[in-house]
Amino acid sequence: MTWTLTNNELTPKALLNLESLFSLGNGYLGVRGNFEEGYRPEMVSIRGMYQNAFHDVIDIPYGEKLYAFPGTQQKLLNIIDAQTIKIYLGDDEEEFSLFAGEAVAYERRLHLDRGYTERTVHWRSPGGKEVKLHFRRVVSMTVRELFAVDLRIEPVNFTGRVKVVSTVNGDVSNFADPNDPRVASGHSKRLQVEEAGEKQGYVYAVDRTLASGLKTACVSSHTVSGAVEVKSANGETVLTFNLTEPVQVTKWNVYTDTLRHQGNLVEQAISIHEQLGGLTFEDVLDTQQAYLDDFWANADIHIEGDSRLQEGIRFNLYHLLQSVGRDEHSNISAKGLSGEGYEGHYFWDTEIYMFPVFLMTKPEIARQLLIYRYSTLDQAQARAKEMGHKQGALFPWRTISGTECSSFFPSGTAQYHISGDIAYSYIQYYLGTQDDEFMKTYGAELLFETARLWLDMGHYLNGEFRIDNVTGPDEYTCVVNNNYYTNVMAKHNLKWAAKAYRLLADIAPEVLDRLCARLNMTKQEAEAWQKAAECMYLPYDPTLNINPQDDTFLQKAVWDFENTPEENYPLLLHYHPLTLYRYQVCKQADTVLAHFLLEDEQELETIRNSYTYYEKITTHDSSLSSCIFSIMASKLGYDAKAYDYFIETARLDLDNTHGNTKDGLHMANMGGTWMSIVYGFAGLRMKESGLSLAPAIPGQWDRYSFRLQYRGRKLAVDIDRQSVRLTLEAGEVLTLKLYGDEVTLQHNRLLEQALKAN
């Protein structure tokens, strides 16, 4: 079923991956798909509960620390565990475990359309007692602080005393690799219990970080459907009852933290509990479904002809929704809220791979992602000065709170392109919304400050503006001069900063005056941005008719792919970085990505030749790569390649093709799946000139459809083997380009045109 992920595996190896796949979240809270009752003691579990952006600060150890190396980094913390519910049957208190006795029947499901998970178990204890258990859990999309667990116990051949022990445990750690004691001693235990107890009938715990000073609290309560004896002490609630008919126990957990909640965290959480009033678990599921009905009405991609890929795209979109931050403190980490990989850091992944999904389906969420970056602008300006720039904003390569967390500068701080990537997303937002108020309040200033960075960093040589000592997206080629991707993104940034200056001068001169005064900025500076953009040097090789990745890339020997054993991939785990830097070998799309994002900068044949050249030397060791090669294969008419690359993205986590799903899901790849369909197969582009589409359909499909939001309009796109159908479902008349020709859409009037061969 393409709306339901179903699984009945109980092997220890599978369970770690399934914890990630069955994780739940709402952008603020995230919980891994752990069993409430836990596993056997010897089994490894990454038991996790997370609040987006809730972090501690950790010293970065260096053998040799040089100037402007970051001294600390932030780390997303596993917070108070309120998942645990243990069940004991009979006077002899046989403890329920799926790894003791016999699981007569077992299944769990993730409902993508309803936003909750469930486990159904028919269990026979070692002593022969049989019960049916039904666990459901939900992280509310409408009450961000709420995580609820529902348990139904049904007698089969056993009636008698049942004890349910529910805990709120603040004594938690991040996952520590048992084979690496340095991780266990240095990074895993970063929370301490500040307070725990009972208050007004609620059980609670408050934890404090060791260094950042942040606090988090969890307050829990229970409702039970029948007569029950309740005792609470030391973070435990013990519910005892006589089981003769089905009994329902619901555990209500409310989380607060000092980033978002003012005053006493426990009192804040109790207030939220009281606002929930007499809600039942079914009431929460109803509001959850209403929220998701609205989401899927805008975001779903419907595919006819391949149910496995249909499941993949819906799974990916659902987890993106669960992971995206919705306040000024948070963004989308590389693993979302599904695990601890990359320590919960935010990267350029957000702006280039995930932001487009929300821009075209839920622009209000896209806007909030941009506001998060704006909220860290002061720190980006400080980092630029620390890096020796007189002015401008250099955003961190990886961060949570806004300061640089990357200790390896060649593939960290040297990736200056992140400032251009963020500027690019601001520009795309403006093109997609025409939100002048946003431009006046946030956008223009960020474009100005990032443009200042490029102007300070670059220099003119023979009339061309050049940018030296940077790293592009390809982390197998570091610290180079004139990386094509970096230069072309900087050019776009500079051009649009000058354009934003002129826009404000036209629509809000008083806003521009205030900005100029505050930023000490002049019209001459904006003219300098325009000149730098016009003079930007973009590497080009006339012999090959390609864009070299940088000034010296083509001078290197090509990596010996033929004699590299399969087990040596990914290369970064088997070769020193300097070894990789000496060769033409790409970890991921670099110049090819630039040709997607800014295709009008080059002739089609240069783009085609570059694609062919780089495809031969790209390993796709990064999960960010295949989707871009799929999109560009679609553009170039390489339909079989486009589909093959797309398949690699659609089920990457479901099939664990990269072997590390246990550490969390690959969020950027999930966004890339959507991009491969909408930007790839459907040929969507959004430019200053407007929207354009050039749809094709994979030969394996019968039909696919999706919706887009654009400048207050909702557009439905439906493509089958014969035709393209466009319907403007909401908003004013829309003119766009279809296969290069202008078409005009009227509200609720179908426009149908024959599908053209690529």
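The backbone N, Cα and C atoms fix where each Cβ goes, and this holds for glycine too.
Averaged across the domain 'Glycoside hydrolase family 65 N-terminal' (7-253), pLDDT in this predicted model comes to 94. Annotation source TrEMBL lists domain 'Glycoside hydrolase family 65 N-terminal' at 7-253.
Annotation source TrEMBL lists domain 'Glycoside hydrolase family 65 central catalytic' at 314-675.
Look at TrEMBL and you will find Trp348, Asp349, Lys587, Gln588 tagged as substrate binding site. The local packing around Lys587 (substrate binding site), expressed as other Cβ atoms within 10 Å of its Cβ over all shown chains, amounts to 22.
What TrEMBL records for Glu475 is active site, proton donor. Sequence-distant contacts of Glu475 (active site, proton donor), defined as residues of its own chain at least six apart whose C-beta falls under 8 angstroms from its C-beta, comprise Ser411, Leu572, Lys587, Gln588, Ser622.
Positions annotated as domain 'Glycoside hydrolase family 65 C-terminal' by TrEMBL: 684-745.
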What is the Cβ neighbour count of Asp349 (substrate binding site) at a 10 Å cut-off, with all protein chains included?
25
For the substrate site (Trp348, Asp349, Lys587, Gln588), what does the 8 A shell look like? I mean other same-chain residues with CB within 8 A of the CB centroid.
Phe347, Pro473, Glu475, Ser622, Leu624, Ser625, Ala668
Going by DSSP, how much of the domain 'Glycoside hydrolase family 65 C-terminal' (684-745) is helix, how much is strand and how much is coil, in residues?
0 helix, 41 strand, 21 coil
Using only the Cα atoms of Trp348, Asp349, Lys587, Gln588, which the record gives as binding substrate, return the largest interatomic distance in Å, rounded to a whole number.
16
When DSSP is mapped onto helix/strand/coil, what comes out for Asp349 (substrate binding site)?
helix
